[in-house]
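Structure, as structure tokens:
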């Protein structure tokens with residue numbers, strides 16, 4: 001460990017002896033813009049020295065916000081760092097050095113800001129992008145202002161809903177020796193996780209000061225700073241909005257906790273102070289290097305400006321009167337914020353060149369002398385460092401954490417935002433995160449408290465023994481008191497995991513028997529399992545035969561083309577009367593419907609899409625017995641928009657995969673979704689959306705992939721910036737056929753009534769596509785077919801297949817290597833509209849699909865523009881029903897995914913796309 005320190009010191013000394021190899025920066029006079037260091041292989045360069053000078057033309061304050069920030073973390077930011085200076089270009093006006101991964105939010109007091117970025121020759125990280133802009137006219141909300149008097153602050157527009165994609169800074173400054181008290185009187189921020197919309201409060205002038213909390217929901221709060229400044233940051237994303245907040249500002253004259261100002265001697269000028277907002281500095285005895293006075297009793301308190309940091313102090317000189325137990329003159333060290341007595345007492349020359357570490361972000365040095373001998377005293381350097389025992393640091397690209405009672409190094413970087421409620425969040429690779437939980441907690445995000453008495457797993461829904469009529473449909477459900485449980489079904493001890501005969505297993509403990517028969521009679525078992533327990537429930541299904549009436553030729557599920565004639569049978573030797581129903585409504589003989597042979601056959605002529613539905617015949621015998629049989633009629637057009645669209649050329653079983661979400665599901669062979677296109681930002685070499693091939697020259701995708709392009713990449717969409725790959729299941733486009741963009745069309749009413757209203761766009765490729773086994777268009781059907789055959793409440797026809805390259809989960813941001821799939825059920829519009837997604841956000845141009853319980857499956861960020869397809873049977877082609885559009889997070893409780901209703905745009909699509917020629 002000592003060798004590492006020496007080596008690093010040597011490097012620092014050497015760096016001061018030559019000019020940095022890379023120089024960048026400039027003088028910026030514009031009212032807004034972005035600054036970033038030069039990158040090489042997606043990381044900043046070694047030995048960089050950048051200087052930017054930003055001046056406001058209107059003499060206004062300047063706001064700095066980072067869109068991302070990743071700079072090598074080090075004690076006191078001494079290796080790679082960003083230095084921001086407010087007003088003058090010298091160290092006196094520095095507001096601090098910045099490194100690590102936390103976002104930067106800062107508003108200047110002056111109209112000029114100077115920014116330095118300095119790196120050494122060792123580790124390089126992803127760097128940063130800082131957006132700068134000058135403040136405008138003062139708003140009633142006091143957004144983006146410096147506040148120097150007691151007053152109110154609100155979210156923009158309060159009490160009306162705040163706008164989307166907003167960042168507001170409120171820098172509050174009190175007179176010296178006062179503190180800021182922020183009382184949040186009213187709050188209505190709907191994101192209870194504080195991940196998307198939130199109010200953040202910092203104990204200082206920048207967002208790298210100690211974080212006092214992130215607030216959302218509806219509760220009120222009372223927050224007090226430890227010093228005379230506070231930074232409040234309000235952030236909203238580009239999705240849902242609410243009323244926001246109302247807060248009152250008070251100035252308190254109380255002396256902050258832990259501070260002591262004991263000035264018994266005029267020479268105590270270097271004691272009795274509180275140091276905060278500084279990452280490094282020097283503390284000395286009063287009058288140093290002159291001799292100190294008698295009867296000195298003063299304290300200096302150092303408070304780390306960043307959360308999860310500690311203070312390292314090194315005494316470079318010490319000459320204090322020697323005595324037994326340091327009973328005459330002494331230095332007392334308090335190493336945490338809750339100690340009432342010192343843990344270290346020093347005198348003589350006992351501590352020269354030694355290092356001491358606080359346990360948290362608080363360190364107090366108390367210097368006491370008697371009335372006799374005095375010496376030259378002491379000098380000590382302090383540095384604020386990330387809180388760890390593995391100092392000076394772990395090996396390259398690793399983080400020190402406490403694991404149980406021990407400390408160890410974990411490969412990766414500390415997360416920008418700690419997603420682990422009671423633990424350490426470590427980012428591995430580009431975006432994958434892993435939580436290391438504190439003692440007493442576990443779970444994916446350390447949210448589960450380990451209790452001695454854990455509630456036992458129990459069924460809250462379970463089937464009972466039942467008598468079932470022949471041909472009757474029955475839906476069975478098992479559910480336990482644990483949302484993470486997985487379910488399996490057994491019949492006579494054989495696992496049911498595929499669609500076989502009339503039995504289908506759905507995720508979440510649902511078993512659907514569409515036509516019960518004697519072959520399905522017997523013992524059934526539902527098994528629920530979690531990571532720590534399992535439970536099983538048995539019951540019997542028995543065939544009920546009260547009158548032994550059988551239907552020898554029952555109706556069968558049928559798929560026909562428009563204009564066809566359909567003949568449905570319901571033949572029983574003992575029948576005296578047969579009555580037909582369509583979707584539970586009595587069918588009467590007319591031009592459309594005709595019953596034959598006393599109702600044992602139903603003829604439907606000139607079939608149209610609205611004839612699709614569930615047909616049921618009720619058979620009655622002489623002795624009054626009766627039975628029912630049902631079948632589904634599906635109607636497809638003689639030819640769709642693109643009649644040459646392809647079938648899935650691979651044989652695979654979707655039912656096996658239905659329980660896995662894209663995040664944990666299955667990779668997709670390229671030939672099983674040959675219409676999927678990968679959209680990549682060329683300069684960033686990054687996949688950002690999917691699209692779907694619908695002809696030999698056109699793709700269809702989500703409009704927000706184009707219109708919201710600047711949110712991710714900080715520049716506007718342009719066709720020359722994007723590469724498109726077809727014929728590959730690789731999410732980076734490898735082994736695919738590369739195309740460019742000839743033109744693109746965004747729906748003119750995108751965002752008209754809601755952020756994602758009319759979320760559809762067309763992209764014309766720069767050259768015609770040659771269809772192969774791996775490159776084929778997806779089928780399109782008119783709205784009459786889609787609404788009657790796919791988007792219906794019929795359980796058997798409402799499962800959709802979603803494919804995409806989106807991130808693994810809402811909190812695990814890494815993208816998969818290969819295209820993945822998930823199966824999600826269509827949800828009726830009444831249920832979609834009942835979910836708390838904000839008024840007006842669910843429009844006629846979209847539908848929703850998925851599960852209302854978490855861990856069941858969903859699309860996620862990065863899947864946008866991809867397909868939700870359905871098909872009537874394995875003998876029919878996949879039809880594009882929806883385009884992945886938006887959602888509240890991913891795979892959350894009480895939320896669904898929202899998809900563009902493709903068929904609603906059939907006329908608009910046909911206005912641009914040519915389907916009348918096959919390649």
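Numbers run from 1 along the shown chain.
Even glycines carry a Cβ here, placed using N, Cα and C.
Database features (TrEMBL):
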type     : residues : note
DISULFID : 271-298  : disulfide bond
DISULFID : 415-425  : disulfide bond
DISULFID : 437-446  : disulfide bond
DOMAIN   : 24-135   : domain 'CUB'
DOMAIN   : 135-252  : domain 'CUB'
DOMAIN   : 271-385  : domain 'CUB'
DOMAIN   : 411-447  : domain 'EGF-like'
DOMAIN   : 457-536  : domain 'Ig-like'
DOMAIN   : 546-634  : domain 'Ig-like'
DOMAIN   : 662-914  : domain 'Peptidase S1'
SIGNAL   : 1-21     : signal peptide
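Positions of TrEMBL features highlighted on the structure.
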residue: 298; record: disulfide bond; DSSP (3 states): strand
residue: 415; record: disulfide bond; DSSP (3 states): coil
residue: 425; record: disulfide bond; DSSP (3 states): strand
residue: 437; record: disulfide bond; DSSP (3 states): strand
residue: 446; record: disulfide bond; DSSP (3 states): coil
*Under 8 Å, at least three CB pairs between the domain 'Peptidase S1' (662-914) and the domain 'CUB' (24-135) (pairs 6 or more apart)?*
yes
_Alpha-carbon spacing, residue 415 (disulfide bond) to residue 298 (disulfide bond), which is rounded to whole Å_ = 39
*Cβ neighbours of residue 446 (disulfide bond) where a neighbour is any other Cβ within 10 Å*: 21
*At the Cα level, what's the spacing in Å between residue 446 (disulfide bond) and residue 425 (disulfide bond), rounded?*
10
*Non-local Cβ contacts of residue 437 (disulfide bond) (under 8 Å, 6 or more apart, same chain)?*
420, 422, 423, 443, 446
*Round to the nearest Å and give the CA-to-CA distance linking residue 298 (disulfide bond) with residue 425 (disulfide bond).*
39
*Tally of helix, strand and coil residues over the domain 'Ig-like' (457-536) according to DSSP?*
3 helix, 42 strand, 35 coil
*Mind tallying the domain 'CUB' (135-252) by DSSP state, helix then strand then coil?*
0 helix, 59 strand, 59 coil
*Around residue 425 (disulfide bond), how many other C-beta atoms are within 10 angstroms of its C-beta?*
23
*Within 10 Å of the Cβ of residue 415 (disulfide bond), how many other Cβ atoms can be counted across all chains shown?*
21
*What are the DSSP helix/strand/coil residue counts across the domain 'Ig-like' (546-634)?*
3 helix, 46 strand, 40 coil
*By a simple count, how many Cβ atoms lie within 10 Å of the Cβ of residue 298 (disulfide bond), its own Cβ left out?*
23
*State the mean pLDDT for the domain 'CUB' (24-135).*
87
